[in-house]
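Undergrad: Below is the structure I would like to discuss, written out as structure tokens.
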């Protein structure tokens, strides 16, 4: 008997289409897996068994009538930063502990239209601020490969549930690496689309000029199938780009002969572990063997400034976006009967966690009179320089190849009291958000039993190219097929 929880989207779809399994069977298998593993992994904020089984039943009826799409009947999970009508959406914050949205995020509606089955909402760093999922106001998600390690963040629950085979796929959000870094730590495929490719409507905002929604899957083909479902223009999101959505799965034939790939030197900095560099070199050898040309002498000299730029711009946007949480309109309220200003002050003091408060303070400082030009405006100028450097590089190369992270999954609590060390986890991913580029992290091996991720960065809206390279690499390797022993 096929182990149903190990199936990819493509494999599940074929079995459903051939009537060899039902969505109800597939969904029950994943719910049983969740029940078994959640006490240890803690990937889910909310599990929705009744909703899932009802949606699975509807999917089975549609399949019997011959109405089946690539995601019909496929069990999935959503990061708890995406609004779900009638289902609690907390952002893993006390501030939204009991918030139930009256509407769905655009991507949630699109997945429902495709017939996907919602298993539940996943844990995350509070308001998507963090790199380990330790900043959740409720509990810390654990890495399925080693439960003493973090799964990455901020979308740690979404990465962990796919790695642990608790869901066939999941959605996360990526502001500075929050899909790709946990994908690397959990050895799954994690994709950040081009900025504007996927509607952010119904995504609780962290930094609006950087946020983007994307999938976690078991391989690049599955990633393409999910992107086919969620990409596209939405007039409710002013940053959504009105263009024809490509078929992300077309051209995934394993052939990248003649592709020109660049390797930026700045991504192999002093804080990069040598054993990770070794794994990336092995991966470059695979890509070269597939017929791609590799140039290891690419330079993007403004890369070292990206971290500083990010930690001025992202907190600045966050301080504005989070000003709406005042204890009056919705969400947590400390004591609405007190003086309004005092109640608002105490609501924010007790409703937000320490990392969120830290970033609000940084952002408020950067936007304040006397510092706006010195910090915020200057950061925007450097952002432009970083984007221009990428554009110049893409005049010569089809894609850029880097490590996803400079470090391996670290122990729970190891970096929690050192914000700078935590921020350094995203040095390889942040520049891509600053430039609005597409990028994917795929499994590239293991060091000491812990996963290493390879990052493939594409030109703006050349999302298909990144997918083609990722798929070709996975056709030639088997790292993505490895699963943790649980």
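Glycine residues also receive a Cβ, built from the backbone N, Cα and C atoms like all the rest.
Note that the structure is predicted; figures quoted are calculated from it, not measured.
Sharing the feature lines straight out of Swiss-Prot:
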ACT_SITE  79  active site, charge relay system
ACT_SITE  154  active site, charge relay system
ACT_SITE  178  active site, acyl-ester intermediate
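Neighbours and distances for these, please.
TA: Taking a C-beta cut-off of under 8 Å and a sequence gap of six or more, residue 79 (active site, charge relay system) has these contacts in its own chain: 121, 122, 124, 155, 157, 158, 170, 171, 172, 173.
Note on residue 154 (active site, charge relay system): other Cβ atoms within 10 Å of its Cβ, all shown chains, come to 35.
Following the DSSP three-state reduction, the secondary structure of residue 178 (active site, acyl-ester intermediate) is coil. Neighbour list (residue 178 (active site, acyl-ester intermediate), Cβ cut-off 8 Å, at least 6 residues apart, same chain): 125, 128, 131, 153, 154, 155, 172.
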Undergrad: Can you check what DSSP calls residue 154 (active site, charge relay system), collapsed to helix, strand or coil?
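TA: Its secondary structure by DSSP: coil.
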